[in-house]
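The following features are taken from TrEMBL:
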type     : residues         : note
BINDING  : 13, 15, 193, 274 : Zn(2+) binding site
DOMAIN   : 35-108           : domain 'PI-PLC Y-box'
ACT_SITE : 196              : active site, proton donor
SITE     : 217              : site 'Important for catalytic activity'
BINDING  : 275              : substrate binding site
Ligand code: HPA
Ligand SMILES: [Zn+2]
């Protein structure tokens, strides 16, 4: 097994709905009586070629339409944890998209119960500690985000943070200042996707207006030297997803990924899979691809793994215990 696969690591940028493999899409469709616009698993897999973020999101929201019951969410999460364990994951901070299910008439109780039924015993079964982060769909606007926040309130015992995802361009972080302020007052951790397809200015807004503790993606920060200095000085982590960036054509090829420039600027970078069922690899495969294509040495790969624990929302003593394993 390659070093990248074997290294103990935390995964901090993982959409649980993006772990839905085609086989489970068909299994859930069958048991829920949902009809699909593809005949076979292979036909679905052939669609996994994307021009940009939106073309991916169209298929991502379509496929997750088969998730109807708590059991579906439990099975999907169990399958992710089993795959993640094989790739060295010891801790996972997992995103889910409440609005993508509420809008289809699936009660939030069903979603959260299904996810937590798996996560509650993830340490015993898979040796993976977990946290759950609810993301607002930025393209559905700030009012719907606030309504979603209200719907989430009865579930806050199971939710550790909020994030911001979906179609980025034209939906700047600053629009979501009120709902992030509520989450902050409730003591939640704050993250946001910014600088994936959107400009470096969205990263500034995520930091200054939303007050996020980590930036998801953030790769377009390389276009702004002042922003790089800020991220490095404040040790604000970026959760970079290399295979995702190539598949969604944010970066033409892995060999041209801005990762080395981010590292050289002193930014605390982590490596993650984003939507591994769709982007050709789980987190260990992202580590392996980065080492192969960008020529990082073993010490640099260990540093990415160490960063994943440093950037986690675990308490300091648990972070230190994980770091001691590296
Ligand atoms: O990479 C992503 N970007 C934005 N929204 C998303 N939702 C799932 N994956 C993504
Ligand atoms: Zn993402």
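Quick reminder: no glycine exception, Cβ is built from N, Cα and C everywhere.
Recorded features from TrEMBL, shown on the structure.
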residue: 13; record: Zn(2+) binding site; Cβ contacts under 8 Å, 6 or more apart: 95, 216, 217, 239, 240, 241, 270, 272, 273, 274
residue: 15; record: Zn(2+) binding site; Cβ contacts under 8 Å, 6 or more apart: 60, 95, 96, 97, 135, 165, 274, 275
residue: 193; record: Zn(2+) binding site; Cβ contacts under 8 Å, 6 or more apart: 135, 138, 163, 164, 165, 168, 216, 217
residue: 196; record: active site, proton donor; Cβ contacts under 8 Å, 6 or more apart: 53, 168, 216, 217, 218, 219, 220, 245, 248, 250
Site of maximum Cβ density within 10 Å, from binding-site residues 274, 275: 274
Entries of 13, 15, 217 (recorded positions) sitting next to ligand 1, with Cβ under 6 Å as the cut-off: 15
DSSP-assigned states of the domain 'PI-PLC Y-box' (35-108) in counts, ordered helix, strand, coil: 42 helix, 8 strand, 24 coil
Listed recorded positions with Cβ under 6 Å from ligand 2, out of 196, 217, 274, 275: 274
Zn(2+) site, defined by 13, 15, 193, 274: further same-chain residues with Cβ within 8 Å of the Cβ centre: 14, 18, 95, 165, 216, 217, 239, 241, 244, 272, 275
For residue 217 (site 'Important for catalytic activity'), the number of other Cβ atoms found within 10 Å of its own Cβ: 28
Overall pLDDT for the domain 'PI-PLC Y-box' (35-108), taken as the rounded mean: 98
